[in-house]
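Peer 1: Have a look at this one before I ask anything.
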Amino acid sequence: MELIVPTKQTHEGFCSFHSTRKEITSKRLWGCNNRRFRSSSIKVLVGQLRKQRQSKVFAISRSETLGTNGRLSCVEKRPHVQGSISENFEEFESNNYLRRLVRNGELEESFKHLESMVYGGDIPDIIPCTSLIRGFCRIGLTKKATRVLEILEDSGAVPDVITYNVLISGYCKSGEIDNALKVLDRMSVAPDVVTYNTILRTLCDSGKLKQAMHVLDRMLQRECYPDVITYTILIEATCKESGVGQAMKLLDEMRSKGCIPDVVTYNVLINGICKEGRLNEAIKFLNNMPSYGCQPNVITHNIILRSMCSTGRWMDAEKLLADMVRKGCSPSVVTFNILINFLCRKGLLGRAIDLLERMPKYGCTPNSLSYNPLLHAFCKEKKMDRAIEYLEVMVSRGCYPDIVTYNTLLTALCKDGKVDVAVEILNQLSDKGCSPVLITYNTVIDGLSKVGKTELAIELLNEMREKGLQPDIITYSSLVSGLSREGKVDEAIKFFHDLEGLDVRPNAITYNAIMLGLCKARQTVRAIDFLAYMISKGCKPTESTYTILIEGIAYEGLAEEALDLLNELCCRGVMKKSSAEQVVVKM
């Protein structure tokens with residue numbers, strides 16, 4: 001049969017026809033109040049259009065051709081009918097346009113074009129449709145992704161297992177496991193091991209091991225055989241739910257079916273043994289791994305090291321580090337960070353610094369997690385000069401502090417009363433490429449409030465709001481407490497009412513701060529009213545609440561009444577005797 005090669009003129013004719021038809025289709029679809037066609041309507045229209053196409057051509061001979069879906073299919077060779085060539089070319093161009101839209105991330109436009117294609121009788125390519133499903137899943141629009149699959153199926157195209165896997169993965173990532181299982185049930189092609197592993201992982205992570213085992217049974221019934229990933233997922237879940245003993249039985253079953261465990265499988269088991277407090281058995285398992293045909297990796301050693309450190313076996317941890325190097329298993333930055341963190345918590349800063357300095361010899365560059373424990377330890381010991389010194393060392397070595405580093409430093413500075421330095425560092429954070437978070441502002445606001453600098457604290461409150469950070473109860477409690485201490489009790493009460501308007505529920509600390517301010521201002525009657533308001537709002541008073549009121553009553557010269565109230569509170573069990581004695585001493 002002679003092959004017709006379209007000329008420039010015929011190409012332009014096809015494009016013109018495609019453009020006109022596309023415009024008409026678009027108007028039909030989107031012109032009338034943006035109507036949407038249901039699946040059944042699309043099916044009927046597609047069927048009618050296909051019949052019209054088939055009536056235009058005559059079967060001559062059969063041959064195999066590669067369709068737009070990328071599959072070989074038997075089709076009839078057709079005579080040189082202009083309409084047939086035009087329609088095939090149009091479908092090809094429509095799919096090209098769909099690919100471009102999806103590639104550019106224009107998901108909504110891609111969806112509209114897909115609907116328009118199918119309504120016009122074109123069969124969409126499954127590859128861009130799969131990418132479109134992935135795109136919708138990535139932004140959490142799983143229902144829209146499902147609609148893409150339905151349109152694809154209704155068009156006569158046959159989605160492959162990858163298309164279904166992408167949708168199932170999207171549902172699993174968004175926590176919609178029931179919908180993922182529904183997709184599994186309706187698949188028009190056989191699920192593969194990736195399909196099942198995705199669902200099993202989600203079920204196991206959700207603590208639904210029993211349901212996961214049912215899915216495994218279905219998998220076996222459909223003659224889809226588990227791989228090492230399948231078993232590792234189930235072994236990990238079994239360790240968490242039923243213990244290592246049951247997990248070992250699953251390991252034996254895995255081996256009996258010819259599935260060889262890998263290092264990840266063994267790491268899961270070793271982690272489970274360590275969590276059960278059987279460190280010596282874990283070490284024995286580690287040493288036996290080569291005899292099982294599997295070499296331990298750096299993660300295996302890190303699991304053991306972490307367990308050694310948590311049980312205080314520092315000498316064994318040092319020995320294991322040396323064994324790693326001797327056996328050619330290079331330690332990672334995580335390895336050193338585990339050890340440095342442990343040493344700093346134990347106050348062994350000299351050893352921690354030594355280990356930090358040795359890291360480059362092993363090809364490891366310290367990161368912020370390597371320095372943070374040291375800075376925290378220096379701050380804890382009130383060695384602020386050393387902390388700032390190591391902060392400078394950190395930066396000089398090209399390791400830039402993260403927000404955790406700065407929060408640690410700011411907390412220590414504020415506790416030490418060096419709030420001006422803390423404010424200066426806070427102001428420099430943005431220039432250092434490190435954005436302050438809520439806890440950063442709360443730390444400095446609290447520090448300023450405690451040293452009587454509430455005006456500056458309020459400025460920081462406004463600044464954090466401008467940056468889109470929402471103040472919480474800690475922020476407001478710090479300000480209310482600071483204002484009350486400064487005798488600005490009316491301003492504190494104003495902040496308190498602002499807090500209620502923002503749907504932030506005051507806690508006992510907030511109420512106590514107001515009552516303390518009122519008692520100091522010799523307004524104990526108002527403080528008692530505030531106690532009644534506190535109880536009416538469902539906030540339970542604490543011992544501190546009653547202590548503030550008793551001391552306030554005594555402060556106004558009513559010592560006897562205060563003692564009577566104190567005795568009554570003790571009799572009712574509201575205050576402990578030891579707490580009451582401390583109040584009496586102050587009176």
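Positions of Cβ are set from backbone N, Cα and C atoms, glycine also.
All annotation found in TrEMBL is predicted automatically rather than curated by experts.
According to TrEMBL, the protein has these features:
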type: REPEAT; residues: 125-159; note: repeat 'PPR'
type: REPEAT; residues: 192-226; note: repeat 'PPR'
type: REPEAT; residues: 227-261; note: repeat 'PPR'
type: REPEAT; residues: 262-296; note: repeat 'PPR'
type: REPEAT; residues: 297-331; note: repeat 'PPR'
type: REPEAT; residues: 332-366; note: repeat 'PPR'
type: REPEAT; residues: 367-401; note: repeat 'PPR'
type: REPEAT; residues: 402-436; note: repeat 'PPR'
type: REPEAT; residues: 437-471; note: repeat 'PPR'
type: REPEAT; residues: 472-506; note: repeat 'PPR'
type: REPEAT; residues: 507-541; note: repeat 'PPR'
type: REPEAT; residues: 542-576; note: repeat 'PPR'
Peer 1: Per DSSP, what is the residue count of the repeat 'PPR' (227-261) in each of helix, strand and coil?
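Peer 2: Helix, strand and coil residues of the repeat 'PPR' (227-261) number 28 helix, 0 strand, 7 coil.
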Peer 1: I need to check the long-range neighbours of the repeat 'PPR' (332-366): which residues 6 or more away from its ends have a CB within less than 8 Å of a CB in the stretch?
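Peer 2: Same-chain contacts beyond the flanks: 298, 301-302, 305-306, 309-310, 314, 317, 321, 324-325, 373-374, 376-378, 381, 394, 397, 399.
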Peer 1: Treating G and I as helix alongside H, and B as strand alongside E, what does DSSP give for the repeat 'PPR' (297-331) in helix, strand and coil?
Peer 2: 26 helix, 0 strand, 9 coil
Peer 1: Helix, strand, coil residue numbers for the repeat 'PPR' (472-506) per DSSP?
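Peer 2: Final tally across the stretch: 26 helix, 0 strand, 9 coil.
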Peer 1: When you scan the chain for residues with a C-beta under 8 Å from the repeat 'PPR' (437-471), skipping those not six or more beyond its ends, what do you find?
Peer 2: 403, 406-407, 410-411, 413-415, 417, 419, 422-423, 426, 429, 478-479, 481-483, 485-486, 488, 502, 504
